[in-house]
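S.K.: Take a look at the following structure, please.
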Amino acid sequence: MLLQCFLQSSRVHLPVSTMILRLATLLTLLAAYVSADDNPFDCKPTVDKLSYDLTKLNQEFTVSWTVKASQSTNNETLRFNLCDDLKKQDKVLDDCPSGTRACLTTTNKKEKEDDRVLYVVPLATSDSLKPELSASSSPKGLNVTLHGPKYPSRTDPNVETPQSLVVLLECAPKDEEKPPSYVSHDGATVTLGWKHPAGCGFEGDKPPPKDDDKTDDDKKDNNNKDAATSVGSGIGFFFLVVLLAFAAYFGVGAYYNYTTYGARGLDLIPHRDFWQEVPFMLRDIASHLCTSFTGSRRPSSSSRGGYISV
């Protein structure tokens, strides 16, 4: 469209300076358009009518894991930023090129030998990003896949395979947030797991309220729920302890009666005579309470005993 407008305007005889100015403007607009098209991932995607705000993840993260070999160990270190290019490391010769979003470095460690950098692989780059996004329901979250250029295979250097980074972003509240962790690496794709509030989708333009943005009533309701849960769990724990104590009492008592007196059947019950009297004791207590309650509600005649009105 921009090129068509320029061609139409060029048919009219214009000064050379004007033509040069218009050509420069056209090239600038085309460069901006290409740049925006090459970087479509703005960390505020919408997937399945749910919006996600990943701007809090716009920083560099590092994940490391170890792969043991027969006589050495390979340390894998992944540096990545989902939203922006990685910054070049100072005084590091073996580094990924500019425009890299995810850089995997493999260092070989062997006893009595200096460490060797075996691979420096750009897993995701801005010029070949091609982000793939999909919402997951179990667990609830967002799966992000960023692509990179082809790189020689570790098993066969003559074969080049496209590289990529997969981040399984699981929805989690702030208090359950966890740093990214290693899941797998098949030689071409590194998969990470990550529990973070950024994995929680929301409808509309505004994300759900944060803990700091909640009203006093919401915070009060949450505190009440936490208190009720704490009390309920405390009562449940108390009854569990009592039940275990009774079980231990009857178990140890039955074992003692069996080994000491050779008891059988109901004679195994510790303090059997006491437990046989328990029902009668409870009946007497209930009867006494009922008598006391009903007697207190009847009008007393003793206070007027022997009085005869004249």
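Placed from the backbone N, Cα and C atoms, the Cβ positions cover glycine too.
Feature table excerpt (TrEMBL):
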SIGNAL    1-36  signal peptide
DOMAIN    41-202  domain 'MRH'
REGION    129-159  region 'Disordered'
REGION    200-226  region 'Disordered'
COMPBIAS  203-224  compositional bias 'Basic and acidic residues'
TRANSMEM  235-256  transmembrane segment
S.K.: Under an 8 Å Cβ to Cβ limit, what residues of the same chain, 6 or more beyond the ends of the transmembrane segment (235-256), are close to it?
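M.R.: For the transmembrane segment (235-256), the far contacts come to 263, 268-271.
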S.K.: Under an 8 Å Cβ to Cβ limit, what residues of the same chain, 6 or more beyond the ends of the region 'Disordered' (129-159), are close to it?
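M.R.: For the region 'Disordered' (129-159), the far contacts come to 38-41, 45, 47-48, 50, 52, 54, 82, 100-102, 119, 121-123, 165-171, 187-188, 199-201.
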S.K.: Just to be sure I understand, if DSSP states are collapsed into helix, strand and coil, how many residues of the region 'Disordered' (129-159) fall in each?
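M.R.: So the counts come to 0 helix, 19 strand, 12 coil.
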